[in-house]
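Peer 1: Sharing a structure here in structure tokens format.
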Amino acid sequence: MHIEILRLGHRGERDKRISTHVALTSRAIGAKKILFTEEDKHVRESVERIVKSWGGEFKFEVLNSWKSYVKKFKDEGIVIHLTMYGENINNVMTDVKKELAKNSKPVLVIIGAEKVPREAYDLADYNLSVGNQPHSEVAALAIFLDRLTGGTALYSEYNDAKIAVTPSKFEKCVSVEKGK
């Protein structure tokens, strides 16, 4: 399944840590691309450094027009906006997964950093809430992606990884391959 994440808004110094966590969570739980509406060199470099060390293909892009991108994406895929004000994920996730299974469409997930423009709600095929209490967009994204992928992305392994962790009951099992 091809999954992309669109982070609407990014408030420079204030958001660089959380935006980095959004990108790393996206990568770790199955997304292939993170899209931002503005450049942040620190976030880009952090993401690229992780991908280089831990492997896999994960793209970082900055959009000129998020609305144009979403409109074009809708021609081929499904757009899901994660918001506290959407439909209950527990009531809608089965429908989302059925639609994706039937059509093998790519998925674009929209999450906000600041007040999300009304157009995001209107352009989305689904506006989903992950809980009705205040929490982080990283938490919402992680829960949604885990449900979407059925947990299969949590232990991904990449042939080009320089660093790999093997789950263990009692010890740290880390492999580091230099020069790879």
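Start at 1 and count along the chain as shown; that gives each residue its number.
Every residue, even glycine, has its Cβ placed from backbone N, Cα and C.
Reproduced below are the annotations present in Swiss-Prot:
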- LEU82, GLY112, ALA113, GLU114, LYS115, VAL116, VAL130, GLY131, ASN132, GLN133, PRO134, HIS135, SER136, GLU137: S-adenosyl-L-methionine binding site (BINDING)
Peer 1: Under a criterion of Cβ-Cβ distance under 8 Å and sequence separation of at least 6, what residues of the same chain contact LYS115 (S-adenosyl-L-methionine binding site)?
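Peer 2: GLY9 - these are the non-local Cβ neighbours of LYS115 (S-adenosyl-L-methionine binding site), listed in sequence order.
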Peer 1: Using a 10 Å radius around each Cβ and all protein chains in view, which of these binding-site residues has the most neighbours: LEU82, ALA113, VAL130?
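Peer 2: Buried the deepest by this measure is LEU82.
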Peer 1: Looking at Cβ-Cβ distances, which residues of the chain lie under 8 angstroms from ASN132 (S-adenosyl-L-methionine binding site) while being 6 or more apart from it?
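Peer 2: Result: MET84, ASN88.
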Peer 1: Cβ-Cβ under 8 Å from SER136 (S-adenosyl-L-methionine binding site), same chain, 6 or more residues apart: which ones?
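Peer 2: Non-local contacts for SER136 (S-adenosyl-L-methionine binding site): ILE18.
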